[in-house]
Amino acid sequence: MAKRTEWLILASILVIGALFRFYNLNWDQGHYFHPDERNIAVAVGKIRFFSQMNPDFFAYGSVPVYLYRSAADIVVKITGDVDWTRDWGKINLIGRHFSALFSTITVLLVYLLTRKILIPTAALVAAWVTATTPILIQQAHFSVTESMLAFWVVLLTYLTVQRKNPIILGCMFGLSVATKMSALSFGIIPIAMFIWKKQTKRIFIFLLTASLIYGILSPYTFLRWDKFMESMNYEGGIITGKLLVVYVYQFLQTQPYLYQLSQLPYTQGYVLAGLSIAGCILLIINTTKHKKWPIVMVFLWPLLYFLYVGSWFTKFVRYFVPLYPFLSIAAAYFIANLNKNIKWVFLAVLVISPFLRSIAFMHIYASPQTRIAASDWIYENVAKKSTILTEHWDDGLPLSFSPQKDPGIYQTRQLTIYEPDNLEKIDYYAENLSQADFLFINSRRLYGTLMHLSNRYPITSKYYKLLFNGSLGYKKVAEFTVYPTLKLGSWVFEFNDDNSEESFQVYDHPKVFIFENVAHLSKEQLKTQFL
């Protein structure tokens, strides 16, 4: 392939990848539905350079907090609007731009890394697949650390294959860990290279540099060691299942490794998922035979990371985001090793299918967010002073748009559904349902899990079944859904992701239900439905 052609194709890929990532970053209109975005925004709002540098938040590192705050201060100086350092929605918008930027640069890094170990065509394919992977596009629309982590691990791998000196590698590793503590595993990549090349003395320089960078960027890890360890113990308890909080109940009946693999059709698409897995299998076979060190370096960490993180009780799809660039490379590797007679067929499929799937996924950000659409409907159709039931552990409805369109015009009660089931809970449900006019379900966060946990929640499981079949006297009067959707002329292909991991759906495109109490059953009538 001519160099000029190669660069033109790469530039086109980067432009398309950037368009996917930067499109409609304000998809929630400043309502911050992602809980991790809220947590980071709170930490950013606490920073005052250089009088108050303690984010008082250790679930994530200080790099995103300081980075977002620095950018917010610059925007304030340009615009004079101090809300950029206070308003969570505006802070999140800054963070999302950084996520989109890091994710776009990751596409370039995947190209450079793949070109180092494979042929230029494979490098372009890997970059293209990375640019069009749905979950990477989604994470670029969130003000969280996953896009940054994917960037750091690919950069560190590329620099390792380039055999950069341990000081440079140590700086990158220190920045990674200061982004999020889970990046500690990234250190395997350069350390393995030093051991492979019998340069063990460089490990000390690498670790010393990384420690210095981390200490400079995250001093409150050490200044508030008690708080840091408290946070790490809490997070560690959640991921291992030792601490069973309600938002991980969805993983109670899932199997390690198999569950993560079952999510690939949603996060990548069926075609790309299949080719990625095929590429991984082929890589393991060929690497075992030939032991070419650049390929070993590229895929050692992903394999170990999958084996370790895949064993966790908690299986949020975001934990695997740093793996997706390597899955793209694996798919390109599979194509590169095919017979010439069929290679171009698979290549065409790998170019077209991810693109169509990414176009379908962008339908989410081209459509009104379902909670916003539901709120508009509520203000138009639900009378003031109506009694509303909502669910705890979820964002409330309707959203506040103005003094005239504010939840305060309704009488709202929150159902504490996660509370343990007992006979009193039947009375609790019956009393609230008998007195309400409407019931709003904001996402599948509760019903999607508890309906399947009849052993732990027999009453609540039955409550949802009765609600959905109409036995409680409530009628579904509105439903708001936005799925990844591809429109080709008169043909419409909708990719239902209701069975995806909860967090893949409930932030940017949750399914929202509005139920109206049409039968007005009495408390006693409702109680009999549960018996």
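Glycine residues also receive a Cβ, built from the backbone N, Cα and C atoms like all the rest.
If you check TrEMBL, you get these features:
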- 96-213: domain 'Glycosyltransferase RgtA/B/C/D-like' (DOMAIN)
- 7-23: transmembrane segment (TRANSMEM)
- 93-112: transmembrane segment (TRANSMEM)
- 117-137: transmembrane segment (TRANSMEM)
- 143-161: transmembrane segment (TRANSMEM)
- 173-196: transmembrane segment (TRANSMEM)
- 202-222: transmembrane segment (TRANSMEM)
- 234-252: transmembrane segment (TRANSMEM)
- 264-286: transmembrane segment (TRANSMEM)
- 293-313: transmembrane segment (TRANSMEM)
- 319-338: transmembrane segment (TRANSMEM)
- 345-366: transmembrane segment (TRANSMEM)
Subject >> Intrachain neighbours beyond the transmembrane segment (173-196), with Cβ under 8 angstroms and 6 or more residues off its ends >> reply: 60-64, 145, 148-149, 152-153, 156-157, 159-160, 163, 166, 202-203, 206-207, 209-214, 217-218, 232, 293, 296-297, 300-301, 304-305, 308, 319
**OP:** Counting only CB pairs under 8 A, let me know which of 143-161, 202-222, 293-313, 319-338 has the most with the transmembrane segment (264-286).
**Re:** 319-338
Original post:
Cβ under 8 Å to the transmembrane segment (319-338), counting only same-chain residues 6 or more beyond its ends: which ones?
Top reply: 106, 109-110, 113-114, 118-119, 121-123, 125-127, 129-130, 133, 135-136, 139, 146-147, 149-150, 153-154, 182, 260, 263, 267-268, 272, 275-280, 282-283, 286, 298-299, 302, 305-306, 309, 312, 346-347, 350
Original post:
Same chain, outside the transmembrane segment (117-137) by at least 6, Cβ under 8 Å from its Cβ: which residues?
Top reply: 1, 6, 9-10, 13-14, 16-17, 20-21, 103, 106-108, 110-111, 147, 150, 161, 266-269, 272, 294-295, 298, 317, 321, 324-325, 328-329, 331-333, 335-336, 347, 350-351, 354-355, 357-358, 361-362, 484, 504
**OP:** State, in range form, which of 7-23, 93-112, 202-222, 234-252, 345-366 has the highest count of Cβ pairs under 8 Å to the transmembrane segment (143-161).
**Re:** 93-112
Original post:
Which bits of the chain, at least 6 residues beyond where the transmembrane segment (93-112) starts or stops, bring a Cβ under 8 A of a Cβ in it?
Top reply: 10, 13-14, 17-18, 21-22, 25-26, 30, 37, 40-41, 44, 64, 67-68, 71-72, 75, 84, 123-124, 126-127, 130-131, 136-137, 139-144, 146-148, 150-151, 154-155, 158, 325, 328-329
Subject >> Outside the transmembrane segment (234-252), six or more residues from its ends: residues with CB under 8 Å to it >> reply: 59, 259, 312-315, 393, 418, 445, 448-450, 453, 456, 501-502
Original post:
Across the domain 'Glycosyltransferase RgtA/B/C/D-like' (96-213), what does the pLDDT come to on average, as a whole number?
Top reply: 97
